[in-house]
Amino acid sequence: MALLAVAACVLCFLPGMARAQLRVGFYDTTCPNAEALVRQAVAAAFANDAGLAAGLIRLHFHDCFVRGCDASVLLTVNPGGGDTERDSPANNPSLRGFDVIDAAKAAVEQSCPGTVSCADIVAFAARDSIGLTGSVSYQVPAGRRDGKVSTKQDANDNLPRPTFTASQLVASFANKSLTTEDMVVLSGAHTVGRSFCNSFVDRVWANRSTTNPTPIVDAGLSASYAALLRALCPANTTQATPITTALDPGTPNVLDNNYYKLLPRGMGLFVSDNQLRVDATTAAIVSGFAANETLWKEKFAAAMVKMGRIQVQTGACGEVRLNCSVVNPTSSSSTVVELLGSTAAPAAGQEGVAASY
Ligand code: HEM
Ligand SMILES: *[C@@H]1O[C@H](CO)[C@@H](O)[C@H](O)[C@H]1NC(C)=O
Ligand SMILES: *[C@@H]1O[C@H](CO)[C@@H](O)[C@H](O)[C@H]1NC(C)=O
Ligand SMILES: *[C@@H]1O[C@H](CO)[C@@H](O)[C@H](O)[C@H]1NC(C)=O
Ligand SMILES: *[C@@H]1O[C@H](CO)[C@@H](O)[C@H](O)[C@H]1NC(C)=O
Ligand SMILES: *[C@@H]1O[C@H](CO)[C@@H](O)[C@H](O)[C@H]1NC(C)=O
């Protein structure tokens, strides 16, 4: 029985199987208001702080790249112990939008208890954020189930870093079955939102840990932009330095193709952004999107849907979490379906999850 259960859940991780199982309108009969309730929660948050749209778009990306789109990024406790994805420097302190997901979850729980997964809410919220900032609409195939493992190490290992070269970026996305073009398309999300100093400060200051920090201008930055960033970010910047700047200073809350126009001007904020115009293959794609915003928006919507399918758990795998921050209590996991999910977790992960069961 246990072996069959493991086999059933291993099947869920095969890309082809997972693809067949997500579907647009998944909640049409079980929770017809689900998508509208999420949209309302996102719109309310956006009205109060437009930056949250960027936060929610990134939240979906960081969820999908670490153990698949399973809301593992939301967990504050890993059942197997240890730090969670949220504790990774890639997420802490910069990742935001958790409260919006909680508000959306509260609304759907009230309307249809135990029905809508946190992973689907994250995917819907990203789509709604793209709608609010970019007037782009698309349908989100749903039916993702929530994972039960979240580790800091997985986040460290799987999320691309702002210091990556073009070939490292390509490899990171290829590992998630995303193409070079998908990578360039999705990087256009950096037309909204902000970054803390720590992610780019090494481009404008050298010898930062010494008593004699030196002003520098990274080869990919314009001198004037570098001077601005240096004035903003002290040489002694750390992960905790609470200073941020817009990724696209002109229109930080508008999802346009300005990102691709900034790159050739030496205004890509991260080393990784600038790499897209340094590498010949990606540079050609960048020029195409700089020249045609409609083209980029179409491709962006399609690539978000593709990203949303990464290693999803469906059917009997995983669970529908009741509280997005924590896995369901074992007492409510005593159905056959939940046992199947629990049994499979150690097989799929590297951490000692089994200890908690
Ligand atoms: C290509 C590799 C990528 C790298 C290296 C990267 C890196 C980063 C970094 C370092 C930040 C700022 C974090 C901080 O505050 O320190 C950031 C912000 C952001 N990223 Fe990416 N990113 C990548 C791809 C993506 C993708 C695929 C998306 C979504 C589709 C995305 C969406 C965003 C958004 C919206 C923000 C702003 C977040 C906010 O304002 O809260 N990024 N990214
Ligand atoms: C590639 O993806 C797998 C999961 O499919 C993950 O375990 C591994 O850490 C990833 N490697 C990199 C370099 O992202
Ligand atoms: C960093 O400090 C070392 C030793 O003081 C010096 O030789 C080097 O030129 C400095 N680097 C830069 C970029 O100024
Ligand atoms: C960092 O440098 C700034 C000046 O650039 C200074 O005001 C601040 O006290 C320094 N912080 C730390 C923790 O050394
Ligand atoms: C821009 O892209 C759109 C969508 O693919 C296409 O229909 C349109 O012809 C392109 N415009 C130009 C000027 O190439
Ligand atoms: C969800 O769980 C967290 C952590 O235990 C708790 O602080 C929060 O109040 C819970 N939320 C709801 C809506 O019960």
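Including glycine, each Cβ sits where the backbone N, Cα and C put it.
Annotation source TrEMBL lists active site, proton acceptor at HIS62. Annotated Ca(2+) 1 binding site per TrEMBL: ASP63, VAL66, GLY68, ASP70, SER72, GLU85, in sequence order. If you look up TrEMBL, you'll see PRO160 marked as substrate binding site. Per TrEMBL, the feature heme b binding site maps to HIS190. The Ca(2+) 2 binding site feature in TrEMBL is assigned to THR191, ASP248, THR251, ASP256. Feature annotation from TrEMBL assigns disulfide bond to CYS31-CYS112, CYS64-CYS69, CYS118-CYS324, CYS197-CYS233. Feature annotation from TrEMBL assigns domain 'Plant heme peroxidase family profile' to 21-328. If you look up TrEMBL, you'll see 1-20 marked as signal peptide. Annotation comment: TrEMBL describes ARG58 as site 'Transition state stabilizer'.
Taking the features listed in TrEMBL, we show where each one sits on the structure.
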residue : record                       : Cβ neighbours (10 Å)
CYS31   : disulfide bond               : 19
HIS62   : active site, proton acceptor : 21
ASP63   : Ca(2+) 1 binding site        : 28
CYS64   : disulfide bond               : 29
GLY68   : Ca(2+) 1 binding site        : 24
GLU85   : Ca(2+) 1 binding site        : 30
CYS112  : disulfide bond               : 16
PRO160  : substrate binding site       : 21
HIS190  : heme b binding site          : 24
CYS233  : disulfide bond               : 22
Nearest-integer angstrom distance between the alpha carbons (Cα) of HIS190 (heme b binding site) and ASP248 (Ca(2+) 2 binding site): 7
For SER72 (Ca(2+) 1 binding site), the one of CYS31, CYS118, ASP248, THR251 that lies nearest, given that the recorded positions are compared by Cα: CYS118
Sparsest-packed of the listed recorded positions (VAL66, CYS69, CYS118, CYS324) - C-beta count within 10 angstroms: CYS324
Recorded positions near ASP70 (Ca(2+) 1 binding site) (Cα-Cα within 10 Å), from ARG58, CYS64, CYS118: CYS64, CYS118
Least surrounded among the binding-site residues, given as SER72, THR191, THR251, when other CB atoms within 10 Å are counted: THR251
Densest Cβ neighbourhood among ASP70, ASP248, ASP256 (binding-site residues), 10 Å radius: ASP70
Using Cα positions only, nearest of the recorded positions to GLY68 (Ca(2+) 1 binding site) (ARG58, THR191, CYS233, THR251): ARG58
Residues within 8 Å of the THR191, ASP248, THR251, ASP256 Cβ centre (excluding the Ca(2+) 2 site residues themselves): VAL192, GLY250, PRO252, VAL254, LEU255, ASN257, ASN258, TYR259
Alpha-carbon distance [the residue listed as 'active site, proton acceptor'; THR251 (Ca(2+) 2 binding site)] in Å: 23
Surrounding CB atoms that lie within 10 Å of the CB of CYS197 (disulfide bond), all protein chains: 20
Residue pair the residue listed as 'substrate binding site', ASP248 (Ca(2+) 2 binding site) - Cα distance, angstrom, rounded: 20
Taken over the domain 'Plant heme peroxidase family profile' (21-328), the model's mean pLDDT: 98
Non-site residues, in chain order, whose CB comes within 8 A of the mean position of the CB atoms of ASP63, VAL66, GLY68, ASP70, SER72, GLU85 at Ca(2+) 1: HIS62, CYS64, PHE65, ARG67, CYS69, ALA71, VAL73, ALA119, GLY147, SER150, ASP154
